[in-house]
Amino acid sequence: MKHYVAVDIGASSGRLILGKLVNEKLQLEEIHRFKNGFTYRDGHERWEIDQLMQEIFIGLEKVKQLGISECVLGIDTWGVDYVLIGASGEKLADPISYRDKRTLNAVQNLTSEYPREYIYKKTGIQFMELNTLYQLYVEERDLLERAEKILLIPDYIGYVLTGVKVAETTNSSTTQMLNLREQLFDKDLLSHLNIDVEKFAPLTDAGTYLGEVKEDWLKMYDIPNCDVVTVATHDTASAVVGTPAEGENWAFLSSGTWSLIGMELSAPINNEVAFKENYTNEWGAYGTYRFLKNIMGLWIVQEIARMDDYKHSFAEMAEEAGNYPYFKQIINVNDARFNNPENMVDEIRLYCRETGQTVPETIGELTNCVYGSLALYYALELEKMTEITGKKIEKLYIVGGGSNVAMLNQLTAKLAGIEVFAGPSEATAIGNLVVQMINQGEIESMRAGRKIIRNSFEIGEFSCGDVRFEEIKERFTKVLEFN
């Protein structure tokens, strides 16, 4: 029996999940979990990338302690951030987080020289200051000139493990530098940044064999012999693979630090309406496209908890939220002010004052405000997606950590007026494992993998119901008018 390990690292935590296929059912075991985050060093918010590598080795040593001497391994992480590699293969600096303030006004500055419509027509990717395109636009020229290669985070981890440099397509598409039609890094865009296209590794599809873990690591750590497979390395792409969807006319919501809501399509949509609504066409596994919108997500709730010194668990916060009427206060969760404020609680209260609303005081009221606002935003985006794609959405599959928040799932079902299915919470790791198993011939296809997922995990169901959607939507429109 083959053993598979998913290295799944999000913006706030990481984990190593051991998986195997037994009687057409996936069996999972969490082997190692660790925290992730950025710290302010050398003038920027930086990821502790060396510590992440150590955590991966710790996890693999735990796998070996289970008596497993050989395994297959795949890596997925958050998107857009990168590591600059020098001529000798060395890391030139710790990677800077997408939440760093260096890209403030970068979209405006770049698009004043290079029209938005032109960039969108080429790439089909939404405009966000965190995109790799804008990070490289403001990157230190000296570092860029010294860099032989630019590797996104999961590709860098794969490179450290195997010595092989690639640019996996699902994650590379999030950079806003891939040409949709040519399916290559866009030389014209890169020349505008004075970056040679050769600084990027060869594009590689999800499901491609990468290589063996280097002998040096096997000598340094007591870890299994691992064959590394390039999975859908963008965590959302893996989460969509791990969605237990069936049939047609469904949408997905990958709910975690970020909320990513969208549809899986066979072709991109980069027309004028999609451009106006700032929708993105990220590449998916096996020739698909993730037509989606980024929404701020549970980051806001995580920051409320941090400001409260973690006195309440997330479950307790949700329970407290249920004691108050929903939609008493509504915030625009995608307002840039909530990206990385000094104090999230103060920022929410200030927003409510500025928009003529009552001010949430307690942890329960604050959490209630955020969950209600998220559900409303989801419903509004589902409405827009139907208009843009011309496809009636009948089901929403919520996966990721946010799928455990029952009240958010129920609010979403009521506001959107469609049936909601929630779970599995570890969809990203599951999608990672499914791609590995397809590569190894244990699963036939992504469709077959989703059937296995449905048979392997409990999926929650939330029915739609009557709610004052139009009234709440009108109130939200008035709130936006204050901005």
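Just so it is clear, glycine is given a Cβ too, placed from its N, Cα and C backbone atoms.
Among the features that Swiss-Prot reports, active site, proton acceptor is placed at ASP235. A 10 Å cutoff on Cβ-Cβ distances gives ASP235 (active site, proton acceptor) a total of 30 other Cβ atoms nearby, all chains included.
SER13 (ATP binding site) falls within a strand when secondary structure is assigned with DSSP. Counting Cβ atoms from all protein chains shown, SER13 (ATP binding site) has 15 others lying within 10 Å of its own Cβ. Per Swiss-Prot, ATP binding site is recorded for ALA11, SER12, SER13, GLY14, ARG15, THR257, GLN302, GLY401.
Look at Swiss-Prot and you will find GLY79, HIS234, ASP235, THR236, ASN294 tagged as substrate binding site. All protein chains included, THR236 (substrate binding site) registers 30 other Cβ atoms within 10 Å of its own Cβ. Under DSSP, THR236 (substrate binding site) is assigned to a helix (H, G or I) in the three-state scheme.
Annotated disulfide bond per Swiss-Prot: CYS352-CYS369, in sequence order, evidence recorded as sequence analysis. Look at CYS352 (disulfide bond): DSSP puts it in a helix.
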Neighbour tally for GLN302 (ATP binding site), based on other Cβ positions within 10 Å of its Cβ: 17
Residue among the binding-site residues GLY14, GLY79, GLY401 whose Cβ has the most other Cβ atoms within 10 Å: GLY79
Close recorded positions near GLY14 (ATP binding site), where close means Cα within 10 Å, chosen from GLY79, HIS234, ASP235, ASN294, CYS352, CYS369: none
For substrate, whose listed binding residues are GLY79, HIS234, ASP235, THR236, ASN294, the greatest C-alpha pairwise distance in Å: 14
Check: same-chain CB within 8 A of substrate site center, minus GLY79, HIS234, ASP235, THR236, ASN294: TRP78, ASN171, THR174, ALA237, SER254, TRP258, LEU260, GLU282
Site with most surrounding Cβ atoms, counting all protein chains shown within 10 Å, from the recorded positions ALA11, CYS352, CYS369: CYS369
When distances run from the Cα of SER13 (ATP binding site) to each of the recorded positions HIS234, ASP235, THR236, CYS352, the nearest one: ASP235
Cβ packing number for ASN294 (substrate binding site), 10 Å threshold: 21
